[in-house]
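What TrEMBL says about this protein:
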type	residues	note
TRANSMEM	32-56	transmembrane segment
DOMAIN	47-295	domain 'G-protein coupled receptors family 1 profile'
TRANSMEM	68-85	transmembrane segment
TRANSMEM	97-125	transmembrane segment
TRANSMEM	145-169	transmembrane segment
TRANSMEM	202-221	transmembrane segment
TRANSMEM	242-265	transmembrane segment
TRANSMEM	277-297	transmembrane segment
Amino acid sequence: MGPIVNLARSNQSSVEEFVLLAFSHVPRLKPVLFVLFLGMFLITMQGNGLIVLLTVVDTALHTPMYFFLRNLALVEICFSLDIVPRMLVSLVAGRGISLVGCALQLFLILSCVTSECFLLTVMAYDRYVAICHPLHYGVLMNQRLCLLLAAACWVAGIPVSLLFTIWLFHFPFCGPRGVRHFLCDVAPLLRLVCADTAVFETYILVATVLVMMVPFSLITVSYSRVLAAVVQMPSATGRHKALSTCAAHLIVVALFYGTACVIHLQPKSSYSPENKQVVSLSYMLVTPMLNPIIYSLRNKEVKAALWRVLGRKKAGAQMT
């Protein structure tokens, strides 16, 4: 974090802190929004925390699919912790955020989004191997490979996120200090820069397209092959079982990419701070909350693991 801190501090001659103007256009709704967002945050933390707990405690879930699901839940937890507490504070108190805090939040957002893109891709590859190469699944998706893939997903976004965060905060912020968003994102921060940012915007657009579209293309290829393999299955029961193991992941992919593309790939001319706040809520609050619910409701193994864990706790309580 040293480079981020140093560059942010070097920029303090013009602007010492930002103010997150979260939903300033609807001041009367702020108390209601605070309660609503707090409730969603608690559900997100509880749901994803439960996924992590079940995949660690229950041995039946010690498989590559649930290992990657655990990592996805951890990413959602980190993502929510980075955004929601600060947003809740800004709704109630309207306090400022320092340049260092803003830079750190942006860096973590970019890192988490990149990690989630790659994790969703790895999860699609896992389903491809399980359905298209079931006899070799245990060999291909061995523990060492799963650990390497998970580590790569976590680490891959750090260099790019660090580069663009340092680059953005190297620009002078000499205009108003109000950020028209509930977080420190690239687009609203660029509106406060008093310098030519054309090169930066070009490079970050290219990076965004690569980080989002390359994984999405790989996911599409994986599921195209899965679909081709499922069609060739002679048993209707086998086809249904194969598709059911992919359904939850496909829904999560659709939610993630559907909202992410609207936010990050829309033309700059159509950018509206108020509209973007609303769309961002589904991307940064609703999706992390729904992911564990989707995997739980559509997955018999997760529900069975939950009942086993609850049964063990109940038995332990009765013995004491």
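Cβ atoms are placed via backbone N, Cα and C, with glycine included.
If one looks beyond the transmembrane segment (277-297) by at least 6 residues along the same chain, the residues whose Cβ comes under 8 Å of a Cβ in the stretch are 22-23, 37, 40-41, 43-44, 47-48, 50-51, 69, 72-73, 76, 79-80, 83-84, 180-183, 185, 248, 251-252, 255-256, 259-260, 262-263, 303, 306.
Taking pairs at least six residues apart, the transmembrane segment (242-265) and the transmembrane segment (145-169) share fewer than three Cβ pairs below 8 Å and do not count as touching.
Taken as a whole, the domain 'G-protein coupled receptors family 1 profile' (47-295) shows an average pLDDT of 87 in this prediction.
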